[in-house]
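Participant: One structure is given below, represented as C-alpha cells, and several questions about it will come after.
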Amino acid sequence: MSTDLHWQTQGQGPDLVLLHGWGMNGAVWQQVVERLELHFRLHVVDLPGYGHSAHLHAASLEEIAQQLLEHAPKQAIWVGWSLGGLVATHMALHHADYVSKLVTVASSPKFAAEARWRGIQPQVLSAFTEQLSEDFHTTVERFMALQAMGSPSARQDVKNLKQAVFSRPQPNPQSLLAGLQMLAEVDLRDHLPHLTMPMLRLYGRLDGLVPIKVAQDLEKVLPASEQFIFTQSSHAPFITEPESFCHQLLSFAGK
C-alpha cells in the first residue's frame, strides 16, 4: 500500500493546490476543478486519513505538512478550505518557498470560540468528538448539514457534498479525531503578521462555523490581505457560488 498522499493533477497554467476540510476529501472541489483547469495546473490532494489517503494518518499540522512536501509543487498558489485553511496557512508560515500566494476559504486562524473571539462553541466540538466514537458516518453527515445551514441552496449543497465525499473511501476515525482536536486547539492568530506572501480571505456571509465577525477582526491583523464575502453562501462557497468563487481566484491569481 502506498505511503504517499493521493494527488490528482490536471490542467495547464500556474500551479494551484486545493486542500479540503475536515471529514471531506478532494472530490469536493470537482465543480470548480472543471472551471479552473482551463487556467491553472491543479493539484488536488486527499489529506492524510481522508479519501484515497485514508490509510495514512497525521496528528498535527506539521505532520500533514511533511506528507504534503513530498509531492507539493514549489511556488504555487495554495487554497485551503476550513481545516484545509489552517494547513495552507501553516505551510505559508513554515514552508514559504512552496507558497507564492495564500487563499483561505471559510477558514479561521482559531476555530474554537473564546471570550472575545467568534467561532465554534467548544461544547459543539466536544459533542462531535463524542459522537465520532459511536458512529462516525452519521457524525460526518451532521457536519455536512452544519456546513450548508443558512444557505438558500442548503439541501442541494448537502447533496453535492455527500455525493463527492462518499464517492471515495471513508475517512479513518483516528484522523477525524485528530482533525477535531486541531479545530479545537490550534491558534495561529499571533503568527499571521509573519506571513510574507499576498493573501486572499474568502468567507460565506451565512457561515455558522466561521462567523463573518472573524473577517472583520482579521482585517486589523492582516491589513495587506484582501477579502471577499459571498452573500448567498454558508461554509462552502465553492459549492454554493462556484462561478463567483472561480472569478475571485482568477482575479487574485492575476494580480
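Here the Cβ of each residue, glycine as well, is placed from N, Cα and C on the backbone.
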Participant: Quick check: of His194, His235, which does Swiss-Prot put in the same substrate site as Trp22, Ser82, Leu83, Phe143, Met144, Ala145, Leu146, Gln147?
Facilitator: His235
Participant: Between His235 (active site) and Met144 (substrate binding site), what is the CA-CA distance rounded to a whole number of Å?
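Facilitator: Answer for this pair: 9 Å between alpha carbons.
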Participant: Using Cβ atoms only, which residues of the same chain lie under 8 Å from Met144 (substrate binding site) while being at least 6 residues apart in sequence?
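Facilitator: Within the chain, Met144 (substrate binding site) has Cβ neighbours under 8 Å at Gly23, Val158, Leu161, Lys162, Val165.
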Participant: Comparing the binding-site residues Leu83, Leu146, which residue's C-beta has the most other C-beta atoms within 10 angstroms in this structure?
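Facilitator: That would be Leu83, with the most Cβ atoms nearby.
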Participant: Would you count the other CB atoms within 10 A of the CB of Ser82 (active site, nucleophile), including those on all shown protein chains?
Facilitator: 28
